[in-house]
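> Below is the structure I would like to discuss, written out as structure tokens.
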Amino acid sequence: MDEREKKKTLPELEEEIVKFWEDNKIFEKSVEQRKGKKRFVFYDGPPFATGLPHYGHILSSTVKDVVPRYWAMKGYYVPRRWGWDCHGLPIENIVEEELKLSGRKSIEKFGIQKFNETARSKVLTYVNEWRKTVRRMGRFVDFENSYATMDLTYMESVWWAFKTLFDKKLIYKDSRTALFCPRCETALSNFEIAMDNSYQDREDDSVYVKFELESSPREYLLIWTTTPWTLPGNAAIAVNPEIEYTKYKIRDTVFWAAVAPPADPGDTLEILGKTKGKDLVGKTYEPFFRLSRDSRAYRVVGADFVSTDEGTGLVHIAPAFGEEDFRLGKREKLPMVETLDTTGHFGDSYQELSFLKGKTAAGANPVLIERLREKGILWKVQKITHRYPICWRCSTPLIYKVEPAWFLNIQKIKKRMLGANKKIDWHPEHLKNGRFGNGLETAPDWNLSRSRFWGTPIPIWECASCKKVHVIGSRDEFAKRAEPAKNRYILMRHGESENNVKNICSSDPNAAYHLTEKGKSQVLAKERALGKEHIDAIISSDILRAKESAEAVGALFGLKVLYDERLREVDVGMFEGRVTFEYNAIFPSPVSRFEKKAPGGETLTDVRTRAAEFFRECEEQFNGKTILVVSHEDLLWMLWSFAEGLSNIEVVALKNPGFIKNTEIRELRYRDIPRNETGEADFHLPYVDEVALHCSCGGDLTRIRDVFDCWVESGSMPYAEKHYPFENRKLFEENFPADFIAEYIAQTRGWFYTLHVLSSALFGKPAFMHAVTTGTILSEKGEKLSKSKKNFPDPWILFSKYGVDAIRYYLMSSSVMIADNINFSEKEVDEVYKKYSLISWNVLQFYKLYEYRLKGKSAASRKPEHALDRWILSRLHSTISKVTAAFDAYEIIEATRPLLDFVQDLSLWYVRRSRERAKADSPDAIRALATLERVLHDYARIIAPVTPFLAEIIYRELRMKKKLSVHLEDWPKANKKLIDKKLERDMKEVRSIVSEALRLRAEAGIRVRQPLQKLQIPNNKLQKNLLELIKDEVNVKEVVFGDTFHLDTVITKELREEGFVRELIRNVQEMRRDLGCRPRDTVRVRLSGSEALFIAVRRWKNDILSATNATDLNEGGKKDFEAEREIEYDNDRVWVGVKRAV
């Protein structure tokens, strides 16, 4: 470590480490070196990249880094692949806002294709910011090969999963009441409403309304509701048959209610009678609006859910606007009075409600309250503040609405889900049978469908003729229902050409690169193979090498060659005539060729687009023909990918290393599946609905309009990211379920839940075996973090101030790791930085100061003998044992906190007590330094998962390192032979004695450097070498045993003299440090002061010279020295000068 390194801050060194990891591909090497070993499987929940990463992401990213790092060091193969959540309302809301659209109709008018392509372009808006943050956080993860839920292969696996569920008879269609977002115009799932941002407090008018009994005029049923807008949809009033109801009279009004109705001051409440609810059942009443002519409407019905906890004990039932209302309505065959349209506004379905037309539910409330008052049936209006559900993405208040939807039957698999949960190791444990388990117990069926646009389309087609429902689970199944190609297509690459031999790029039709003699022979050699194909037409690229090949074939079969510019080689632009590797070098990855092009050239997307145009035109011009297409490798590659219906990633995999050899012949298979305008296979709307599909009866198929709830996609991640079962079947099946998963606690109702549901339904087992659940990070005052309130520090400022490791340690050691919420405290981060990061750094600095002494020393000379050495090694291996056990059990706090305890012991006791040992030129000094090196080597390894930067900083400075990086090291094993629990207990007792003695010194006002004569302690079981530690630390001449704890504070003349000498030595050592002296550097010291002090100096001269590594110590007048200072001691002053010895 040079002087420049020493002056750098830890955050600056962390930045260097990030670059070191990247330059040396440490992450990649750490994964690759374990290939073939047992896998540790980790699922990383895909975030949306539509916003900047925040503290919640920093927390989850840290735990997702810590645990895989540990298992990788334990010898497991731990690939870590990033993923992106791409579909759903989060993206759609951003696009609607940007395009100034609102609602389905405006989107359809704008154009679904344009809307979805805009959404696609916005999906990865903040990818670079995410990469920057994750990189700076020190997380090891594969960004380059990340998956996205909008990938074709991912969506195909989602289709497979749905079809599998359908075939298992777990999918059904139904119309039922569900919470509905009028802004997004779609229903939401029950677990989406259970997320932590799905409710807000709001103030509303609640109303007490009286409904007159038809059998008893001027006698009323009194109901209470917080949603006056639902009253026009009333179809019944529910009572609990077993509750007692009372007939009250207030002024001239008679009510039936289970609790006393609210009254004005001075009103008298008279009780006229009582009856059970069952006696009211069947009575009819006059509704607010008689919108239904059904004879079963507007009557009293019994319901067990009615209580007297709030309201009057009579409940207004509107089957279209509540889950319990809907179920009761179905049971009682009540009419469904739907008054709102799909945007949550009152429509024109009922003439009686024309005065409400165009009003929202909330906007109708005051108008309806006034109408109630006019009708004389309003009893009271009261303001209430209550928790109201809101859309988790756009914050619009939700309403209940009846919608047709497709459901996953949770009830059929609930027993399986509960059984699978028993196999999961939850952290904290109470979630198993608490929040998560209870959620499974009460889970309703899952509404999978959303009436939106940007998502995976639900693959259900209905036959217009026979009404049969078809569910498609793959591209092949889709193609079987579509029209086949009209013609056969035989592909042939041109023969070997002059530019092929020279490895020269050429896409210019005027370039004169002929076929070589070998190339001509290759073409003629294909006569027999091509003769079997009965070719009707030859269409070729007009570039010379292709023309010569096509004309040679044409001459063999007497066919005229047609030329098409669209079959030319990829345009290489400025690389025309240059060597191939120069052209290839401009592309950072093979898949980048679809987006990037050479100056003046074209992308592979451009090539595929013209190849697709060529194919479609052939389909229009020919029918029942066999067509030979002669072209170039990249063009044929793109034509093949178009016809097969492949994604860009799949296309790249085809060319490994090449796609088609010179004069190689292949028959093209065309699958009529959805494709976008560039010819890439694409399941998204509107492309999926542009391909005509047919039923086995001959009828036309029409797809239902909905897309999947995006939680279906994220819940499909384990198999969809691997394109299972179409690829990686064995890999997935042998490594499922995952070993580990981590997210914050709300995901027990979100991602954890959907993973569990789908895994239970598809595979009959849990999706993961160990779940670490974190709490939520709040502001220092306990508020939700808010950009507008600016109630949290910018993480990047903290990165620069304290380093990432301090934040990582702070989070991993906090109660947020047991699903508790924490108030983020910069002060506590600062404490970690000082007590953990800086102390670790200071220990390393001490080691580097004396490291040179270890050079050339044998292992035998390093064997620990001193009690301090044996103690710190015992503490180290006890810590390794404790941390290992905690990590094995996924107890992150217990794995993290011992690290700080250990480094505090290492610094504040071992290093502190070993400073003088290290300075001496003795075998004991070598043993102390060797012990410290061993300790730092293992310490760097055990802190590597939690604080990877600090671990690397320490490791790279050690002489005994064996790897390029600490993150390529194995996890250390605890050596039980080195663990001495008695020694650890005794040392703890020693430190306790020292602490008490130093407290007595402080009370007496005696500085520690002033020697004292005696300390008396009651413990007579400590070994002699430990008593020596007490003597040195307390600075006493002797430690004796007695009945009480006592410190002799009498300072003799001799003790006072020794105290001055120690103060002098301390000052000279500080001056050496100020001069930048190394321990081995010698200095000259000069003193000027009183004769009394000089007497002490002469008596202790040798000790002073040895302790300060001075060559001479002179007395006399002041002279110019490199470092000077005055020392005051007991009202006496001495001048000290220090300079380097020549």
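Glycine too: its Cβ is placed from the backbone N, Cα and C atoms.
Bear in mind that TrEMBL entries carry predicted annotations, made automatically and left uncurated.
The feature domain 'Aminoacyl-tRNA synthetase class Ia' is assigned by TrEMBL to 17-484, 677-819. The annotation motif ''HIGH' region' is assigned in TrEMBL to 47-57. Taken from TrEMBL, the feature substrate binding site applies to Arg493, His494, Gly495, Glu496, Ser497, Glu498, Asn499, Asn500, Arg545. Look at TrEMBL and you will find 784-788 tagged as motif ''KMSKS' region'. Marked as ATP binding site by TrEMBL: Lys787. Residues or ranges marked as domain 'Methionyl/Valyl/Leucyl/Isoleucyl-tRNA synthetase anticodon-binding' by TrEMBL: 869-1014.
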> Measuring CB to CB from Gly495 (substrate binding site), give everything in the same chain under 8 Å that is also at least six residues away in sequence.
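Correct list: Leu515, Thr516, Lys518, Gly519, Lys520, Ser521, Gln522, Val523, Arg545, Glu548, Ser549, Ala552, Asn662, Thr663.
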> Rounded to whole angstrom, what's the largest C-alpha distance between any two of Arg493, His494, Gly495, Glu496, Ser497, Glu498, Asn499, Asn500, Arg545, listed as binding substrate?
15
> If H, G and I count as helix, E and B as strand, and all else as coil, what does DSSP give for Arg545 (substrate binding site)?
helix
> Taking the motif ''HIGH' region' (47-57) alone, what is its mean pLDDT?
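Averaging the confidence scores along the motif ''HIGH' region' (47-57) gives 85.
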> Inside 10 Å of the Cβ of Ser497 (substrate binding site), count up the other Cβ atoms and send me the figure.
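Ser497 (substrate binding site) is surrounded by 24 other Cβ atoms within 10 Å.
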> Tell me, by DSSP, whether Asn499 (substrate binding site) is helix, strand or coil?
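SS state of Asn499 (substrate binding site) = helix.
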> Relative to the mean position of the Cβ atoms of Arg493, His494, Gly495, Glu496, Ser497, Glu498, Asn499, Asn500, Arg545, the recorded substrate site, which additional same-chain residues have Cβ within 8 Å?
Tyr513, Leu515, Thr516, Gly519, Ser549, Asn662
> Tell me the Cβ contacts of Asn499 (substrate binding site) under 8 Å, same chain only and six or more apart in sequence, or just say none.
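Residues satisfying the criterion: Cys505, Ser506, Ala511, Tyr513, Arg545.
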> Non-local Cβ contacts of Arg493 (substrate binding site) (under 8 Å, 6 or more apart, same chain)?
Val630, Ser631, His632, Glu633, Leu636, Ile660, Lys661, Asn662, Thr663, Glu664
> According to DSSP, how is the domain 'Aminoacyl-tRNA synthetase class Ia' (677-819) divided among helix, strand and coil residues?
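Its residues fall into 57 helix, 23 strand, 63 coil.
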> List the helix, strand and coil residue totals of the motif ''HIGH' region' (47-57) as derived from DSSP.
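Result for the motif ''HIGH' region' (47-57), in helix, strand, coil order: 3 helix, 1 strand, 7 coil.
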> By DSSP, how many residues in the domain 'Methionyl/Valyl/Leucyl/Isoleucyl-tRNA synthetase anticodon-binding' (869-1014) are helix, how many strand, and how many coil?
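Helix, strand, coil within the domain 'Methionyl/Valyl/Leucyl/Isoleucyl-tRNA synthetase anticodon-binding' (869-1014): 107 helix, 3 strand, 36 coil.
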> Give me the count of other Cβ atoms within 10 A of the Cβ belonging to Arg545 (substrate binding site).
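Counting Cβ neighbours of Arg545 (substrate binding site) within 10 Å gives 28.
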